[in-house]
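Straight from TrEMBL, the features:
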- Thr105, His340, Gly341, Thr342, Ala343, Pro344, Lys345, Tyr346, Asn353, Tyr392, Arg396: NADP(+) binding site (BINDING)
- Ser114, Asn116, Arg120, Arg130, Arg154: D-threo-isocitrate binding site (BINDING)
- Asp308: Mg(2+) binding site (BINDING)
- 29-413: domain 'Isopropylmalate dehydrogenase-like' (DOMAIN)
- Ser114: phosphoserine (MOD_RES)
- Lys143: N6-acetyllysine (MOD_RES)
Amino acid sequence: MYQHITVPPAGQKITVNADFSLNVPATPIIPYIEGDGTGADITPVMKKVVDAAVHKAYGGERNIAWMEIFAGEKATKRYGADVWLPAEALDVLKEYVVSIKGPLTTPVGGGIRSLNVALRQELDLYVCLRPVRYFTGVPSPLKQPEKTDMVIFRENSEDIYAGIEWEAGSEGAQKLIAFLKAELGVSKVRFPATSALGLKPVSIEGTERLVRKAIQYAIDHDKPSVTLVHKGNIMKYTEGGFRDWGYALAQKEFGAELFDGGPWCKLKNPKTGRDIMIKDSIADAFLQQILLRPAEYSVIATLNLNGDYISDALAAQVGGIGIAPGANMSDSVAMFEATHGTAPKYAGKDYVNPGSLILSAEMMLRHMGWSEAADLIIAAMGKAIVSKKVTYDFARLMEGATQVSCSGFGEVLIEQM
Ligand SMILES: NC(=O)C1=CN([C@@H]2O[C@H](COP(=O)(O)OP(=O)(O)OC[C@H]3O[C@@H](n4cnc5c(N)ncnc54)[C@H](OP(=O)(O)O)[C@@H]3O)[C@@H](O)[C@H]2O)C=CC1
Ligand SMILES: O=C(O)CCC(=O)C(=O)O
Ligand SMILES: [Mg+2]
């Protein structure tokens, strides 16, 4: 029994086998978090589109039993002013294994720490998977946007997102500066009296589990390369470590061999016999390469902050964060969510593009093995864009477009199925 969560009586739980494959019943219970801001606009549209695709694909033999769970502002209204992430929401996300969420607000500077990050950390969803692909007809700032076809594996549990930091002038900051100076001989804090400090943990274990998933994805999806993106020239032990441990893992676990003297290395895809190049790129150079030579990059493995920046930058290349989906995953639990945030200026206006969350749901259906329903969503998205009935973000850049609302775009997708 939960305090504020109603379990749909008709549904069953998805369960996980020892090899991490899923047992998906005909009516799986899928927990969802509506989200703050535009979450209230896009989440109902996503549910409607998914229900329509599932109905069309399986004619009533399969259905989703949606189960709302609360986080963010909605949680504070039900559980109390300070309860942003109720324990029962975390329990449900763990127990029901597959879920989807709208965006949650994080204040800048003070206030609560990110609930989005907290969810990933509490559930140890160490992979943030963000595929970036082009749909024909989407307005893009690039001449050949179709050349951008990448899948980002962003490390989701470490780096400065660990949230270990001290405010400028605080007792903690002063103590840490004194310790660094006295015990470790650090003399390079330029303004010790007024510095805020943060720690950036990056581990061998955290790197290896992320890079392992990225290489396995390249093998399973017959991709030509995995690029480790880092700033290891400056942050030698954290980001440089990520690069070195990533290369070492490719050699030790996947049999990659040095290419042209290294550090790049190459392995044969055991499933297709084709080469997979493991390479690396320094993050600033990478951000210009993805604009100038996007076709040279395929699977990207990177640290948490780099992955955050790269996600939005790559999304822009294929038309913006209105259609940028994602998933946060451990070996057993997966929580799907859009790349974008709560876009507060548009909240409650039935205005924004629900495409990111709908495409996140498409990833969720595929993860569940419901690929027929997922295919219907992808095909409908392609046709809707070609028909030029699109939300404001595309309409403002497209000639001859008919602008539709957030819910209107959902209707267009359903018509196209
Ligand atoms: N995973 C999560 O839940 C995330 C939460 N956040 C949180 O969201 C809040 C707002 O963050 P902010 O930096 O403004 O970033 P947002 O992603 O919310 O919005 C930035 C801009 O992106 C465009 N955009 C966002 N969503 C859509 C959409 N559905 N359709 C079309 N365009 C869209 C809009 O561009 P334009 O102005 O050009 O129309 C918007 O102004 C913050 O509290 C932040 O912490 C941020 C990212 C992820
Ligand atoms: O948690 C937040 O508020 C922002 C998270 C974010 O930008 C992301 O995950 O891409
Ligand atoms: Mg982000």
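Note: Cβ is positioned from N, Cα and C throughout, glycine not excepted.
Recorded features from TrEMBL, shown on the structure.
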residue	record	DSSP (3 states)
Thr105	NADP(+) binding site	coil
Asn116	D-threo-isocitrate binding site	helix
Lys143	N6-acetyllysine	coil
Arg154	D-threo-isocitrate binding site	strand
Asp308	Mg(2+) binding site	helix
Gly341	NADP(+) binding site	coil
Arg396	NADP(+) binding site	coil
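A Cβ distance below 6 Å to any atom of ligand 2 is met, among the binding-site residues Ser114, Asn116, Arg154, by Ser114, Asn116. Candidate binding-site residues: Asn116, Asp308, Ala343, Asn353. Those with a Cβ under 6 Å from ligand 3, in sequence order, are Asp308. Counted over all residue pairs in Thr105, His340, Gly341, Thr342, Ala343, Pro344, Lys345, Tyr346, Asn353, Tyr392, Arg396, the record's binders of NADP(+), the longest Cα to Cα distance measures 26 angstrom. If you compare Cα positions, Arg130 (D-threo-isocitrate binding site) sits closest to Asn353 out of the recorded positions Lys143, Lys345, Asn353, Arg396. Checked against ligand 1, the recorded positions Arg120, Arg130, Lys143, Asp308, Arg396 give no residue with a Cβ less than 6 Å away from one of its atoms. On its own chain, Ser114 (D-threo-isocitrate binding site) has Leu104, Thr106, Tyr161, Gly163 as residues at least 6 apart in sequence with a Cβ closer than 8 Å to its own Cβ. For the recorded positions given as Arg120, Lys143, Arg154, Asp308, Gly341, the lowest number of other CB atoms within 10 Å of the residue's CB is seen at Lys143. The binding-site residues under consideration are Arg130, Arg396. Their Cβ neighbour counts within 10 Å are lowest for Arg396. Checking Cα-Cα distances from Lys345 (NADP(+) binding site) against the recorded positions (Asn116, Arg120, Lys143, Arg154, Asp308) with a 10 Å cut-off leaves nothing; none qualify. The binding-site residues Thr105, Asn116, Asn353 differ in how many other CB atoms lie within 10 Å of their CB, and the one with the most is Asn353. Under the three-state DSSP scheme, Arg130 (D-threo-isocitrate binding site) falls in the strand class.
Between the CA atoms of Asn116 (D-threo-isocitrate binding site) and Thr105 (NADP(+) binding site) there is a gap of 8 Å, rounded to the nearest whole number. A simple way to gauge crowding: the CB of Ala343 (NADP(+) binding site) has 19 other CB atoms within 10 angstroms, across all the protein chains here. When the binding-site residues Thr105, Arg120, Arg154, Ala343, Asn353 are ranked by how far their Cα is from the Cα of Asp308 (Mg(2+) binding site), Arg154 comes first.
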